[in-house]
Amino acid sequence: MEKNKRAIGFLLLVVLINGVMMTRSNGYEGEEEWGGAGGGEWGGAEGGGAWGGGGGGGGAWGGEGEGGGEWGGGGEGGGGGRRGWFMMRESRQVIKSEGGEMRVVLSPRGRIIEKPMHIGFLTMEPKTLFVPQYLDSSLLIFIRQGEATLGVICKDEFGERKLKAGDIYWIPAGSVFYLHNTGLGQRLHVICSIDPTQSLGFETFQPFYIGGGPSSVLAGFDPHTLTSAFNVSLPELQQMMMSQFRGPIVYVTEGPQPQPQSTVWTQFLGLRGEEKHKQLKKLLETKQGSPQDQQYSSGWSWRNIVRSILDLTEEKNKGSGSSECEDSYNIYDKKDKPSFDNKYGWSIALDYDDYKPLKHSGIGVYLVNLTAGAMMAPHMNPTATEYGIVLAGSGEIQVVFPNGTSAMNTRVSVGDVFWIPRYFAFCQIASRTGPFEFVGFTTSAHKNRPQFLVGSNSLLRTLNLTSLSIAFGVDEETMRRFIEAQREAVILPTPAAAPPHVGEMVSDRFV
């Protein structure tokens, strides 16, 4: 008898330890794991900032810390809910310069993360340039606000694309690109997914700058090597390499604090037509290389990369507007034919049939807008993990563990980032105070077929009624009335379930 008790006790101890280890490895350590620091304008933790964050201070775009901020958030002074296990709160400020900044919200970690994904927030002041560079990670960018010109090398050719709000563009790892904010007097806000699977192992991603800003990757080569490679004199090389050290985001025209010299890249963007072409020839005086040198065998020849970016040859100059580069795709253009819509809201899902580069990225994109008090019905994604960013309004995210217990019931507001593991049931509910809009990325570029657990198109209506009634322990008529009571599908009217709840109405008016 005593042996049996000890055996049972030992077994219970093993189960308990295993449960704790699984919880930790799955990334459910709770708020301590996610608590980044620093703040900044676009998300983060302590200090808040315009795009909100975790710690004290909040900020205009919501946050988790004390004070809440203009757009609310969790923690003291801003709503909250249960522990935000599926909120992405750990962030790093990777760029800070006179012309803008970039903050990266780090991917969650654990065994249930099938494909890690960081979320980046880039802010650029008017008339600024994100200097030419390439990354060790792929980017899928979404223009949240503003207009820009993207210069990128793809399929061994240089092309420029005009981007506006709603545009999506994929930049593969290793592709040289730059971004120029062309919006008149308007900040450029970009949200991007960052795929670290090809990275060198850095915490966020590693940029390699071609020219200007921080030290160019070219600056590490011996000067005599570069003068030979570029076929220029040493003074000309020094002019290229030492023109500016103002960070990776610089003003095209002189910024708030005038500098002795503007960059070659700034001068380049400020010129037009033939004047630009002549000035570039004067600066670099690059000669035609051998036929072998002109081939972009893998896109990594420094001479050809720079020539391609600057568009020095007549042939490239003529073809830059119609290169092999893919066009962007504007997700707002699909609002006329959304994936689903009713009077309670609409949703748009993009896969590789809509935008071919998504097939190479392995990432899908979605955009959801819920009217005040509406709910995206409880459902699960059988093919992908979902990452979401709140664009407008506020609401609740509810996630359920496989064992049927609540995993998260958290208030979210603008700038918050959340993730939903594959197969986990969840729903989103808009606040009664206004519409709730969020954009996001999925870990599959195939057509997403969410399985709804509630509504007129739910799985319960598809299953055998007799089996269902036995499973729930009720008679068939009761079961039928239960599953047929909701006549709407996908997006449901749920004012009673929507925040703010009783007792929160007064305080939430000021969130």
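The backbone N, Cα and C atoms fix where each Cβ goes, and this holds for glycine too.
Taken verbatim from Swiss-Prot:
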DOMAIN    86-238  domain 'Cupin type-1 1'
DOMAIN    329-480  domain 'Cupin type-1 2'
CARBOHYD  ASN231  N-linked glycosylation site
CARBOHYD  ASN369  N-linked glycosylation site
CARBOHYD  ASN403  N-linked glycosylation site
CARBOHYD  ASN464  N-linked glycosylation site
REGION    54-81  region 'Disordered'
SIGNAL    1-27  signal peptide
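Known features from Swiss-Prot, placed on the structure.
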residue: ASN369; record: N-linked glycosylation site; Cβ contacts under 8 Å, 6 or more apart: GLY345, TRP346, SER347, PRO435, PHE436, GLU437
residue: ASN403; record: N-linked glycosylation site; Cβ contacts under 8 Å, 6 or more apart: none
residue: ASN464; record: N-linked glycosylation site; Cβ contacts under 8 Å, 6 or more apart: none
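DSSP assigns ASN464 (N-linked glycosylation site) to coil in the three-state reduction, outside any helix or strand. Residue density at ASN231 (N-linked glycosylation site): 14 other Cβ atoms are found within 10 A of its Cβ, drawing on all protein chains shown.
DSSP assigns ASN369 (N-linked glycosylation site) to a strand. Confidence over the domain 'Cupin type-1 2' (329-480), given as mean pLDDT on the 0 to 100 scale, stands at 94.
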